[in-house]
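Residues or ranges marked as compositional bias 'Basic and acidic residues' in TrEMBL: 153-180. What TrEMBL lists as domain 'Proline dehydrogenase' is 202-476. Marked as region 'Disordered' by TrEMBL: 152-180. For 1-18, the entry in TrEMBL reads signal peptide.
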Amino acid sequence: MALKRVFLLRSVAPRVAALSTKPQAQEQPPASPEAIRGCGAAKAVRPPVPDVDFTNTQEAYRSRRSWELVRNLLVLRLCASPVLLAHHEQLFQVARKLLGQRMFERLMKMTFYGHFVAGEDQESIRPLIRHNKAFGVGFILDYGVEEDLSPEEAERKEMESCTSEAERDGSGANKREKQYQVHPAFGDRRDGVISARTYFYANEAKCDNYMENLLQCIEASGGASDGGFSAIKLTALGRPQFLLQFSDVLTRWRRFFHQMAAEQGQAGRAAVDTKLEVAVLQDSIAKMGIASRAEIEGWFTPETLGVSGTVDLLDWNSLIDSRTRLSRHLVVPNVQTGQLEPLLSRFTEEEEQQMKRMLQRMDVLAKKAKEAGVRLMIDAEQSYFQPAISRLTLEMQRRFNVDKPFIFNTFQCYLKDAYDNVTLDMELARREGWCFGAKLVRGAYMAQERDRAVEIGYEDPINPTYEATNAMYHRANRGTRGWPGAKLR
């Protein structure tokens with residue numbers, strides 16, 4: 001198994017920005033250059049950033065040297081060759097034997113490696129970052145890992161790491177909804193995905209190793225430039241089983257809210273505008289046997305309700321937090337006993353420890369990013385992981401985005417619920433007074449997502465057309481810029 005360590009550089013136009021949703025009353029005048037960039041800087045005025053016109057090729061490629069453009073065109077043509085794509089491993093092996101390892105590496109650096117990779121360490125990436133910065137081009141630094149796994153190995157690892165101990169030994173039936181169950185036909189998550197890194201869980205030591213490499217990436221980003229970005233994927237930090245299970249819980253919890261809303265005549269409203277009458281909601285929950293009235297009264301405290309006597313989706317979601325055992329609220333009927341049972345009650349002690357270590361790794365990376373002055377971008381992944389990834393990212397934003405946006409979530413606008421997800425998170429940031437950081441993308445897993453939905457048998461989470469995705473992207477973009485109380489930084 002070969003593992004290659006590289007730093008990947010994503011060039012970005014200089015319009016990456018965060019939305020501050022901190023209340024006006026909390027803002028203070030800038031005391032330093034850092035305060036000017038922060039969300040709490042009320043009097044900071046930034047010059048408007050001109051629109052980037054990529055149809056003007058002279059301007060768009062101004063930072064590229066002529067020989068780089070020739071190389072880029074060559075790499076593009078080679079990557080579009082079906083023959084090369086089908087036989088690239090064999091061709092690389094032949095080239096390595098003919099040229100020797102040293103000349104082969106030099107050839108790669110002159111072509112593919114030089115096009116896609118910024119460098120191997122902090123020192124080697126600095127010249128490229130400085131050059132791009134001189135032309136107003138920012139950067140997002142990725143840690144690139146290429147792990148040589150066969151499709152069979154990838155499938156085996158995925159099936160093992162996405163299945164709980166109880167499900168494996170037969171003592172617990174898989175209660176997850178279809179979308180959040182692992183399927184062997186889609187065990188190799190690399191299949192059909194060419195523009196995103198993919199991690200497969202091996203063991204806790206491998207996750208610790210990934211974390212150490214990501215820490216080096218964050219350090220390199222901080223050392224190379226002020227205000228840089230680093231990107232991470234949460235599937236690199238722990239067992240994907242937990243992301244699947246947590247996503248299932250969050251989805252059911254949200255769907256339960258919308259079912260109650262429909263019963264109260266609020267079907268079809270925007271997610272952020274839907275509100276439930278607490279008294280009616282309490283009656284419904286008690287009748288279902290999910291909790292006693294005494295327990296329910298403990299859920300809806302004055303802090304949760306305010307003076308409105310209603311609960312919206314943000315209030316509802318807040319019931320699932322670090323202080324609440326998820327399994328106490330979300331239950332499913334046991335077919336054999338007829339009793340309601342907690343959904344997540346079958347974690348072994350080892351699984352609980354693995355889940356805690358995953359959260360600890362996230363915490364270590366976020367603290368390092370804040371210490372280094374680096375903005376940490378949490379990449380989006382497949383839709384069956386994404387509810388958990390977004391929720392964990394939101395919890396990090398609450399902790400680390402108090403004064404400045406250090407943690408950025410990624411919203412995939414090819415998802416049907418993208419606009420609701422963006423606006424709900426923005427509204428929560430506005431209410432709680434922390435800085436909202438986001439990256440809007442269209443998405444990288446469309447073909448795989450569609451095939452999986454058809455094969456397993458659940459609703460396709462992707463917008464039906466490219467035009468619908470574009471409309472969602474622009475709607476989300478306009479929504480963030482026009483959100484009440486939001487200030488663009």
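From the backbone N, Cα and C atoms, a Cβ is placed for every residue, glycine too.
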**OP:** Could you tell me what the rest of the chain brings near the compositional bias 'Basic and acidic residues' (153-180), counting residues at least six beyond its ends with Cβ under 8 Å?
**Re:** 187-190, 200-202, 239-241, 244-245, 247-248, 251-252, 332, 343, 346-348, 350-351, 383-384, 453, 456-458, 461
Original post:
What is the three-state DSSP composition of the compositional bias 'Basic and acidic residues' (153-180), stated as helix, strand and coil residue counts?
Top reply: 17 helix, 0 strand, 11 coil
Subject >> Model confidence over the domain 'Proline dehydrogenase' (202-476), averaged pLDDT >> reply: 83
